[in-house]
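Input: a single structure, listed below in structure tokens.
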Amino acid sequence: MASMQNTIIPGCEICDSYLFLCGETELRDGFRVALYVIGLAYCFVGLSAITARFFLSMENVVKQSRRVVVIDPHSNTEIVNHVKIWNYTIADITLLAFGTSFPQISLATIDAIRNIGNLYAGGLGPGTLVGSAAFDLFPIHAVCVVVPKAGEVKKISDIGVWLVELFWSFWAYIWLYIILEVWTPNVITLWESLLTVLQFGLLLAHAYAQDKRWPYLSLPLSRTERPEDWVPQEPASCKHENIVYDEHSEIPGVNTNENKNRGIVDIFSIHSEIGPGTNAFTMNTLMIDTRIAGSAYQKVPANDDIDESSGEKNHKEMLVADTHVFALWKRQFLDALTLESKEARKVNNIYLRIARILWQLLLAPWKLLFAFVPPHHIAHGWIAFICSLIFISGIAYVVTQLTDLISCVTGINSYVIAFTALASGTSWPDLVASKIAAERQTTADSAIANITCSNSVNIYVGIGIPWLIDTAYNFVAYGEPLRIQNAEGLSFSLLVFFSTSVGCIAVLVIRRVILGGELGGPRFWAWVTSVYFMLLWITFLVLSSLKVCGII
């Protein structure tokens, strides 16, 4: 890919950069922009395609448990329990928030690596992350508030943890404004970037202390008792109207007959309880596909006696794994090449069948590429989790190149593209995750926690690490800090975001006081709230774009 440069001719500017072929520069600017925009949209389709596989791997990572043996004081017998390793709150902040924000984080990191050696930081990463924060807070809240069924109200059960996460989310943007405009205006020093990254650790520690109700470090707020079925199971005979994810379909939100007999994969089942005597590997293999044997999804039997030795259990479970893992991997490639299943052929509506085939055809290259991701049953999902992140990073790299080309050809400020198109496209996993939580969970904790935690991760990790890379290089190579292009415009966007955020949180508080919960409630007021959140987002986009373009 050629480096970005403009050749200035009296009266016009010609973009000499190209994506694949130098002949692209001979095309008309309008046609070039259309091609690059289509390419950008197709990359976002790729992000949506990897989302289901990524969520499956993350679910298995968080379900990992450890074996705990206790002695019953009354009967003096051993009781074997399997306790989840991951704490609910830490899982929400780390794997969930970090994972769903990874497209933006990888994009910002790639932008920083490309700018190593320059005294000025690139604007693509910070612009995308600030724009993503606005997309998370406003449009995602707008979707989540109307997702519950009419009249159903869902509220945050652990208000203390949410307040801690909210504090660190707001402080992240205040901190960013301070280092941009107060301490060292228009420049970022090595220590400022290092402190930015370290504050993510403080967020984790404070949230964990609040979850455990440590004295002096937590707010004295009681927690509503979490229901036993954190994510209630739906009857097997029902036709699911919620988002359906299965390991052989990368299309979220498509309710087809072919999904009817497949298990629903819910990333928020990390909040369900694991009963005594349940082995972690057995939990991870409950959804193993045995269609190779001619059946639909079947559950692997998990009725071993407690008295059976753990060695024999593990041996049986490893046999199950060896039998199915490679069959599953083979099935991933077969499904990637299948445009229409047997069940889909039974649909009488020819237009619906054609639409599905076209969508599958559009997804086929992505599905074939992502079939190389190992099945999520291996190593508690860690290998699939890491491979998914690698693919996301690759897509993010292509996105940065396309964005540069669009900015080069059209002359549109890169901050404007980052605030709008990039922020919306890369925030798709956040939207999917929060929507699933708002639909399936009995409370609003994870749906809203994913939003607030993602905003914190965007600053502490998404901006902190790229700036740390550039400031460290500049400090060693030149002894100079990192200068920020259009720091005034970025600071103004932070102020607009902070002001509109106050309006958003205030409405959530009012809904909790009056309606009894942040999400759902009477349909009319749910839609009024949704429209209000979307107007806040539009306000942020318009004011921020006008400022960075120098119009206001």
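The backbone N, Cα and C atoms fix where each Cβ goes, glycine too.
As recorded in TrEMBL, the features of this protein are as follows:
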- 36-207: domain 'Sodium/calcium exchanger membrane region' (DOMAIN)
- 381-544: domain 'Sodium/calcium exchanger membrane region' (DOMAIN)
- 33-56: transmembrane segment (TRANSMEM)
- 159-178: transmembrane segment (TRANSMEM)
- 190-209: transmembrane segment (TRANSMEM)
- 350-373: transmembrane segment (TRANSMEM)
- 379-398: transmembrane segment (TRANSMEM)
- 405-425: transmembrane segment (TRANSMEM)
- 490-512: transmembrane segment (TRANSMEM)
- 524-546: transmembrane segment (TRANSMEM)
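Here the transmembrane segment (524-546) has long-range neighbours at 130-131, 134-135, 138-139, 141-143, 145-146, 148, 413, 415-416, 419-420, 489, 492-493, 496-497, 500, 503-504, 507, 511, 515, 552, meaning same-chain residues at least 6 beyond its ends whose C-beta is under 8 angstroms from one of its own.
Distant neighbours of the transmembrane segment (405-425): 4, 6, 13, 15, 17-19, 29, 32-33, 36-37, 40-41, 43-44, 47, 104, 107, 122-132, 134-135, 139, 399, 486, 489-490, 493, 541, 544-545, 548-549; these residues of the same chain sit at least 6 beyond its ends, with a Cβ under 8 Å from one of its Cβ atoms. Ranking 33-56, 159-178, 350-373, 379-398 by CB pairs under 8 A with the transmembrane segment (490-512) puts 159-178 at the top. Under 8 Å from some Cβ of the transmembrane segment (159-178) lie the Cβ atoms of residues 89, 93, 133, 196, 199, 202-203, 206-207, 210-211, 213, 218-219, 221, 223, 445, 448-449, 452-453, 455-456, 458-460, 463, 491, 494-495, 497-498, 501, 505, all in the same chain and six or more residues away from its ends.
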